[in-house]
Every structure is written in structure tokens, then in C-alpha cells.
Amino acid sequence: GECSQTHLLPAHRARSVYWPVRRFFQDILHTKYRAATDVYALMFLADVIDFIIIIFGFWAFGKHSAATDITSSLSDDQVPEAFLVMLLIQFSTMVIDRALYLRKTVLGKLAFQVVLVLAVHLWMFFILPAVTERMFSQNAVAQLWYFVKCIYFALSAYQIRCGYPTRILGNFLTKKYNHLNLFLFQGFRLVPFLVELRAVMDWVWTDTTLSLSNWMCVEDIYANIFIIKCSRETEKKYPQPKGQKKKKIVKYGMGGLIILFLVAIIWFPLLFMSLVRSVVGVVNQPIDVTVTLKLGGYEPLFTMSAQQPSIVPFTHHAYEELSKQFDPHPLAMQFISQYSPEDIVTGSSGALWRISPPSREQMKRELYNGTADITLRFTWNFQRDLAKGGSVEYTNEKHTLDLAPNSTARRQLASLLEGTSDQVIPHLFPKYIRAPNGPEANPVKQLQPNEEADYLGVRIQLRRERVGTGAAGFLEWWVIELQDCQANCNLLPMVIFSDKVSPPSLGFLAGYGIMGLYVSIVLVIGKFVRGFFSEISHSIMFEELPCVDRILKLCQDIFLVRETRELELEEELYAKLIFLYRSPETMIKWTRDKE
């Protein structure tokens, strides 16, 4: 007897645990008195808040992502794994929740609730602290996410306890016809893919005879009729007597704002670029100026490299002198007036000429006996500081002279290699250079209208100094100076006009330029605005409806017979709705004011 009691004891304990659990779930699923309710909208809102918390606080759900910004990660085409997994799981739970809601499966919702509660608590209190190496009590973002999730669990439990509603009729935002519901409904329709995703999911998990295109047609008609109904309710609330002109506050309030908006959009690129240059523009002086004179493919004859200490901004006195020099020329003055003294710099220095003896001899032979043209290339290169907001670090350009075989200039250059004389090369050096925000730094045509004819001539000479014994004991360098130099002849006074750049905060717009802004912003917005003011006549018979109550009732009847599984009647009512939109005469009768 004692042995039998010992064997029965575990079974009795198992039954004592099993039966209360079984009775608990049975009472939930088969409640005698149940008031069906619908809190899906609040559950969806809680899920959306959790979704936003994950996006903006994803750094709290990874070990080494605390110092990472999600925007910088995505801009580098890198998707953090923790961020991706959490987003996909959160989105999947929202889709499953919608499917259970449409199928009205309380048992499925209960199973989903149990699995989700266990999974969330396992993840929040065990897996997440192990991954992030931070306790749950030290993770504020995780605590916020968990708090909102607990609200979702409470709403889900209340939904399971009360049961799903027997009839799901349309969007919950369309239950009332006021400004708030209209505003929220229009915002809902503006979210990309949300309307389409909801409609397809509803079609998949709802018993219906309609095809997907027919289903979308009913949804579109219902949405348009709801918007018209809200407009008609507003007209009833604020009626306007017949024959009374529109009030000035309405005309100037609405019309004036539209006029200001359109004028601002039309002139926005010009105003924006002008303000960027004159008001908020950042001075973008070059930090390095390099000028090179090169003959053919040999080592440069001369390299002038000036860094910031040697790059001197214009003083107000120098700016005034420049303005007086070009005062008789309107085009030149218009160009100069676009720049302030700190935008204009000048500077120079020099370097040794290092060339191997074989290359030197080869250059001399080519100059004397060569049968092809040889190019004398004068190149300038400017480097800017990208931290100031520019988009291009280096800007450069060149001016070339082709020396024909047996020409005087070639023979004189060859004689220079022997150090016998100096030579003047006319029209080689452009004194005024513009350094725009782009990669090309061209000579300023307004200040040098004849282009190459206005370039300055330079005198070049090869100098050498003995520093040791033997043939290799010489240092050589080229001296280049202006042809008509009077003082400081060892300088090439290049004047650089640097365009201002937009601050980094406005760089995303200023980078388009004036034409880019007109094409990408003004024309796009213009096309969008034109959609409101054109082809209005095509939609008159569908939007200028005095009373839409009967059409609204017909749409709701389609939803109702679908919920009651009278699918044949659903098909007939849909055919009636389509006929109504195909027959203008019937539409006029149906939308006639009841009064």
C-alpha cells in the first residue's frame, strides 16, 4: 500500500499543476460572458513607438556600437547586424499581429502572446546583457523599449480576454468625420508603402470574392468618399450664405500664403546662392599654391610652392588700387565687386632644379635637333581646406606654348642650359586666376579680356653655383621673373580670387549650384503644385458630390457582408458600386442632397 501511494504521488502532483493551467486557458478561450473589444490600433501604436526606439537608440543593443551613428553607418552602405535583426523581428511581429487580428484567432493570439513574452524576457534579461556587457538596469534605452513592450503586452492580454470584434469595418481613422481624423488619415496615406501593404495584407487574410485589383478599387473609393464626407461636414458646420463674396481674411490668409510660397520657390536658388556667397559664406583661401614650368616630359624647370605664411590676403589699400586700375572697365569691376579683400590672395617662392646629366643632355639635343613640337607647360595648382565646407580639395589648370622645330625660342632655351644668356618668353604668365569651388582654376577673362595676349611675359635664366669639385659639384636653379619687373623681381605676383563656400550645414544644398537647384527642387515642386491646379475638370464628377452618405453606406455594406461571410452578396454590392461610378446619371441621383 505504501508503494502504490509512492507511485501515485508524482501523478497527483502533475495533475495538480496541469488542471489549473488547463482551466485557466479554457476560461480565457471559452468565456461565458465576453464583451468583444478592439484595441488593435493601440497595440499597433505601441509597436510603432518600439520601432522608432530601435531606429534612434540601436546603439544600446550592441556591444561595440555605442560610438556609432546609424546615419553614418547607412551612408557607408554598412548595415549593423544588431540593428537589422531587431528591425526585422519587430516588423515581423507587427505583420503577424495584423494577420491574427484579421483572422480573429484568439487561440493563435494567445500562443503568440506566450511565445513573445518568454522570448522578450529571455532576450532582455539574459541575452542582451551578455551581448552588450551592460546590465539591464544600466541600459536606459532598453528599459524604455521594455516599458512600451509591457504596455503592448497589457493591451494584448486585454484583447485576448475580451476577444476580437466580430466585425472589422474599414480603417479605425474613418469612424468620425472631423478635422483631426481627416488630418491623421491623410498622414497615414502619405507614408510610403503603408497603404499598399495594409491593403494587400487585408486581402490575403480576409475571406472575399474580390480580386486584389477590385479590393484596391473599393479601398480607394472608400478613402475618397471619406475625404469628401469630411469636407461636407465642415461646410455644414461653417455654412456660407449664397451670393456672399469671400471674406478678405480668407482670401489674403490663404491666397497670400500661396503667393508667398510660390514666389519663394521661384526665386529660392538665386536668393540662396546669393546669401551663401555674401552673408553666411566661409572664406576659402588656398592653403597651398604650386606653380610649375615644365618643358616636354623632363623634370620641371621651375616649381614655385607657397604655403599659408607666404599666401598673403589683399589689404583694403591693395583692393582699392586694384579697383582703380580696372575702374574704366565695367565687366572687370563687376567681377571684382563680387569678392571682398580677404577672398583675394597673392604669394610665391622657388625651388632648386634637380635633373640628371643624361636627361640634361637629352633635353639639349631635342631642343637643337628635334623634329617634333615640344611643349612648354605652365601649370598652377591650388589646395583648399575641406573642413571649411568645400567639396573639391584641389583645383588646377595650365597654359601651354608649342615650340616648333628650329625656332628661335627653342635655340635660346638650349643655350640657356649652357648658362650663356637669359630669354624672354612672352604671354606665358596669367596674373589673375579664379579659384572656384570646382576642379578648374581658369584665368579671369574679365580682367584679361584679350586672354593670352594679356598674359605677362617672363624672363628665365639658369643659374649655377659651385659647391664642390668636379663636374657634379654644381647646384643649378632657374630664375624666373616678370619681363618688366621693377622691384621684388624674384616673385611671381599671382593674384587668386577664391570663391566663398557654404557652411558645412548648408553644403548639401549649395553643392547643387543654381541650375542644379532649379532642376532638382524648383521644377519638381512646380510639377507637384501643377498637379493641384491642372486637370481639375477631369475629377469633377467624382469629387463634387453634394451628399455621399448613400455611397458611404454602400461601401460599409460591402465590409459588413464580407464579415458575415455572405460572399455572393459582396460580389453583387461591388458590381453595384462599379455601375454607380460608370453611370453619371445614376451618380447624380445617388448623391442628391437628402433635404
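Cβ coordinates come from backbone N, Cα and C, glycine included.
TrEMBL annotations: computationally assigned, not manually curated.
Under the heading domain 'Piezo THU9 and anchor', TrEMBL lists 37-274.
Residues or ranges marked as domain 'Piezo non-specific cation channel cap' by TrEMBL: 312-592.
Feature annotation from TrEMBL assigns transmembrane segment to 39-62 (among others). Residues 68, 70, 80-83, 86-87, 90-91, 93-94, 97-98, 101, 128, 131-132, 139-142, 144-145, 148-149, 151-152, 155-156, 158-159, 172 of the same chain lie 6+ residues outside the transmembrane segment (39-62) yet bring a C-beta within less than 8 angstroms of a C-beta in it.
What TrEMBL lists as transmembrane segment is 82-101 (among others). Residues 40, 43-44, 47, 50-51, 54-55, 58, 61-62, 65, 70, 73, 108-109, 112, 116, 131, 164, 168, 198, 201, 204-205 of the same chain sit 6 or more residues outside the transmembrane segment (82-101) yet have a Cβ under 8 Å from a Cβ within it.
The annotation transmembrane segment is assigned in TrEMBL to 110-131 (among others). Note on the transmembrane segment (110-131): residues 25, 28-29, 61-63, 82, 93, 96-97, 100, 139, 142, 146, 149, 153, 156-157, 160 of its chain, located 6 or more positions outside it, place their CB under 8 angstroms from a CB of the stretch.
If you look up TrEMBL, you'll see 143-160 (among others) marked as transmembrane segment.
Taken from TrEMBL, the feature transmembrane segment applies to 252-276 (among others).
Summarising the annotation, TrEMBL assigns transmembrane segment to 506-529 (among others).
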Residues of the parent chain within Cβ reach of the transmembrane segment (143-160), under 8 Å, 6 or more residues beyond its termini: 28, 37-40, 42-43, 46-47, 49-50, 53-54, 57, 106, 109-110, 113, 116-117, 120, 124, 136-137
